[in-house]
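Participant: Below is the structure I would like to discuss, written out as structure tokens.
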Amino acid sequence: MAHTQEEIIAELGQIVEEVTGIEPSEVTVDKSFVDDLDIDSLSMVEIAVQTEDKYGVKVPDEDLAGLRTVGDIVAYIQKLEAEGAEAKNAE
């Protein structure tokens, strides 16, 4: 099942709070993890791992480096979910 942008942001907010203590309300689509939320690289890896577990996706390290904003991760998850649905439908 594909998730909406709002669902992903809400769930990502919970993950960010668990990892960093930042309030979920601070996690909005236009926020940069490093510049706006002041999240370090170690915390970003933990957020990525929990996001992978939550959505059943794999984010390669080279892709993770390009995911700088909350919106970037939302779009990436939606893309992976769409690709997964297409692959399932092709079977």
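Every residue, even glycine, has its Cβ placed from backbone N, Cα and C.
I grabbed these lines from Swiss-Prot:
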type    : residues : note
DOMAIN  : 6-81     : domain 'Carrier'
MOD_RES : SER41    : O-(pantetheine 4'-phosphoryl)serine
Participant: Could you tally the C-beta atoms, other than its own, that fall within 10 angstroms of the C-beta of SER41 (O-(pantetheine 4'-phosphoryl)serine)?
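Facilitator: For SER41 (O-(pantetheine 4'-phosphoryl)serine), the count of other Cβ atoms within 10 Å is 11.
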Participant: Based on DSSP, tally up the residues of the domain 'Carrier' (6-81) by helix, strand and coil.
Facilitator: 49 helix, 2 strand, 25 coil
